[in-house]
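Lifted from TrEMBL, the feature list:
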DOMAIN    37-454  domain 'Major facilitator superfamily (MFS) profile'
TRANSMEM  38-57  transmembrane segment
TRANSMEM  77-97  transmembrane segment
TRANSMEM  104-120  transmembrane segment
TRANSMEM  126-148  transmembrane segment
TRANSMEM  160-183  transmembrane segment
TRANSMEM  189-210  transmembrane segment
TRANSMEM  246-263  transmembrane segment
TRANSMEM  283-306  transmembrane segment
TRANSMEM  313-331  transmembrane segment
TRANSMEM  337-359  transmembrane segment
TRANSMEM  380-397  transmembrane segment
TRANSMEM  432-449  transmembrane segment
REGION    464-491  region 'Disordered'
Amino acid sequence: MTQGGKKKKRAANRSIMLAKKIIIKDGGTPQGIGSPSVYHAVIVIFLEFFAWGLLTAPTLVVLHETFPKHTFLMNGLIQGVKGLLSFLSAPLIGALSDVWGRKSFLLLTVFFTCAPIPLMKISPWWYFAVISVSGVFAVTFSVVFAYVADITQEHERSMAYGLVSATFAASLVTSPAIGAYLGRVYGDSLVVVLATAIALLDICFILVAVPESLPEKMRPASWGAPISWEQADPFASLKKVGQDSVVLLICITVFLSYLPEAGQYSSFFLYLRQIMGFSSESVAAFIAVLGILSIIAQTIVLSLLMRSIGNKNTILLGLGFQILQLAWYGFGSEPWMMWAAGAVAAMSSITFPAVSALVSRTADADQQGVVQGMITGIRGLCNGLGPALYGFIFYIFHVELNELPVPESPSGGTVVTQYHLQQNSIIPGPPFLFGACSVLLALLVALFIPEHTNLTVRSSNWKKHCGSHGHPHSPQAPSEAKEPLLQDTNV
């Protein structure tokens, strides 16, 4: 590097340091209420996803009205673009939050994630366009987990992450049903206004009440610290996958099983509403029941299974439930079949906590971040590929919506359209069968994972840029970052 280049770099670093001192030292950023706590993070997550949960039923209707010819394809593309952008931007935003602090990035991610909400009634086209682009900042969970890591000890971090994930599930248990009821009684416009107000409340809460979690003594060392490409590289964790055979088996299992799950969550509620003839209230009830059962499965049932049949067998059992669930979704042609498969889906949610537990038990202490980071990276990649893949499979199998949304009968039930009865009578949901085949391959791969082993992955570079503050911002523990229903999406 030339002398002129070095001088420019030093000048830029001094400018960053000065800006940081002005912002943080001179009171440019509000200090918040009280000391940083997990409850601040819990409230931020609850308000954000409660606002989006209210829009579950209205979004399904607007999606079909905006894209009447290729509804599933467009839904897959929208969610796919959002997921890929989130995957690409999450490491960079996490690294920047290590330098600039968590509060400003909580504000940024919540603002841009909720920005599309008022556009639903203003311009549906802009609504879905902004949803896609908002994926760049739709990484609230990454920043929240970094916030929690700043203020908790290692031994209490799992419980704190579990509280955040449970709060996410709780917001989705209640909000879709409330949104569907208000939409039916008062109209969707009121629901959009209410969701916008809750999003604004969340932003105001961050501005006024949330204190900065990054310790003051760590900020001066961060001022002007350069952000290298290695820190912001979303594929950094994936590059280490092939360095250990056991890690490779675990990562292949995660990819093959999570890819269909990510695609399923992006389109399943639309599928229930428009193809299976569920009413808005039935979709909301389905989400609530599935959320409650998933919480029970991931706490009580998972604990019992881990003690009784062991870690690896619990993973295999979860994959078996997932195969059954996806096959049932694929061949199911009646609403009761969807309800039964939903109960099985709750049991399949034990897979990823069991995978993470296997990794944590078999990896050395200095390997935890590396291996967990790989799993997190693969899941992030699936969040982008899965929705696009499901939308494309719906498209090539001609599962399209050529009629208006399913009407509701006066008795409160639904009237299944003639079109639905005539089309795809043998295989109503082709993508779900594809997903079942993918999970079957994952099950076969998982059979070769040893129950006890030592994972050895070269992690010096990873630890260098991921553990600079002793609390990696993204690859903490993917099972604890597990989002039981919608995987940080809005449909």
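Sequential numbering from 1, following the chain as shown.
Glycine is treated like the rest: Cβ placed from N, Cα and C.
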Does the transmembrane segment (313-331) come near the transmembrane segment (246-263), with 3+ Cβ pairs under 8 Å (pairs 6 or more apart)?
yes
Give the one range among 104-120, 189-210, 246-263, 283-306 whose Cβ atoms make the most pairs under 8 Å with those of the transmembrane segment (432-449).
246-263
Grab the same-chain neighbours of the transmembrane segment (246-263) for me: Cβ-Cβ under 8 Å, and only residues 6 or more beyond its ends, written as numbers and ranges.
76, 83, 240, 315, 319, 322, 326, 351-352, 355, 358-359, 362, 371, 374-375, 378-379, 381-383, 385-391, 431-432, 434-436, 438-439, 441-442, 445-446, 448-450, 453, 455, 457, 487
State the residues, same chain only, that lie 6 or more residues beyond the ends of the transmembrane segment (38-57) and have a CB under 8 A from a CB inside it; answer 'none' if no residue qualifies.
32, 106, 110, 113-114, 117, 120, 140-141, 144, 147-148, 151-152, 160, 163-164, 167-168, 170-172, 174-176, 178-180, 182-183, 191-192, 194-196, 198-199, 201-202, 205-206, 209-211, 269, 273, 280, 283-284, 287, 486, 490-491
Determine which residues of the chain contact the transmembrane segment (189-210) at the Cβ level, with the cut-off under 8 Å and only residues 6 or more beyond its ends counted.
30, 32-33, 36, 40, 43-44, 47-48, 50-52, 54-55, 57-58, 103, 106-107, 110-111, 114, 117-118, 120-121, 179, 182-183
Return the average pLDDT for the domain 'Major facilitator superfamily (MFS) profile' (37-454) as a whole number.
79
